[in-house]
């Protein structure tokens, strides 16, 4: 296969925050949330230039070690070759190290952008391959599936390959996230998990995970029992005692609450009519945000003026990468 040709125009990719596990669905369930990072990528004549605003602006590398760049490079290899240079602008809003999928957002932005700037990219790297590649880079499919597909996702591996299905959360459910001031490394949280668990706990989680599919999509009145977990949250309490305590307090008040991903953010799945009240329950040590479910997943959007670039509240239209349809065109942004 001949090496790829690249588009001269820049592309803008938006990737959503995600919450994984959702209680019993450890390493399988994911939710796409209406909080976004935006990346603009342009193929250049030479070199690598990265601008970063927002989350991580003072800490993230601006070289080949950046996760976004590594994801771009990996995707370009699969697409047939590397461009001579890259110019990248990042507008980051997803908190880092808080269990809201910031790494998955960077990975998905990189591989979707690489495909978008490559002429004929979709024929070289289809949607199934995108999920498999994102999972290979991330190490597990739960967050990246939700980031790519939007909505409520169930991911698994089959014969070593990542697979996922997408569902729509019930309209009456509103996600509320409680974000603490300090991060917890995913490696730290995973390191606290035991190598094995009692059979009775595994059986309990299997039943709750099955129930959660029905509860989150059709019968939200079942969300409290459906989000019970016995596999991971309490084991992680030493790394995030305040988070586990908040989960327990919210649940005692009848609010379906879980640790978001590896934590320490807490996710509540509130009734629409009660979401604002729920957001006030945590106290001043938490940044509480009532969000929406993202239904689009990773999206290639039209470029906008600099003063609105990367602002999800100013531009919700565009070209959407989602389940079952690849990139569906809406607008004039250059795409493969």
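Cβ atoms are placed via backbone N, Cα and C, with glycine included.
TrEMBL does not curate its annotations; it predicts them automatically.
Here the structure is a predicted model, which means the values were calculated and not measured.
Taken straight from TrEMBL:
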BINDING   95, 96, 97, 98, 99, 100, 101, 102, 103, 104, 105  ATP binding site
COMPBIAS  319-328  compositional bias 'Gly residues'
DOMAIN    70-151  domain 'GHMP kinase N-terminal'
DOMAIN    221-280  domain 'GHMP kinase C-terminal'
REGION    306-336  region 'Disordered'
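Annotated features, which come from TrEMBL, shown on the structure.
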residue	record	CB count, 10 Å
95	ATP binding site	23
97	ATP binding site	19
99	ATP binding site	30
101	ATP binding site	32
103	ATP binding site	21
105	ATP binding site	30
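The Cβ centroid of 95, 96, 97, 98, 99, 100, 101, 102, 103, 104, 105 marks the ATP site; residues of that chain outside this set whose Cβ lies within 8 Å of it are 17, 94, 261, given in sequence order.
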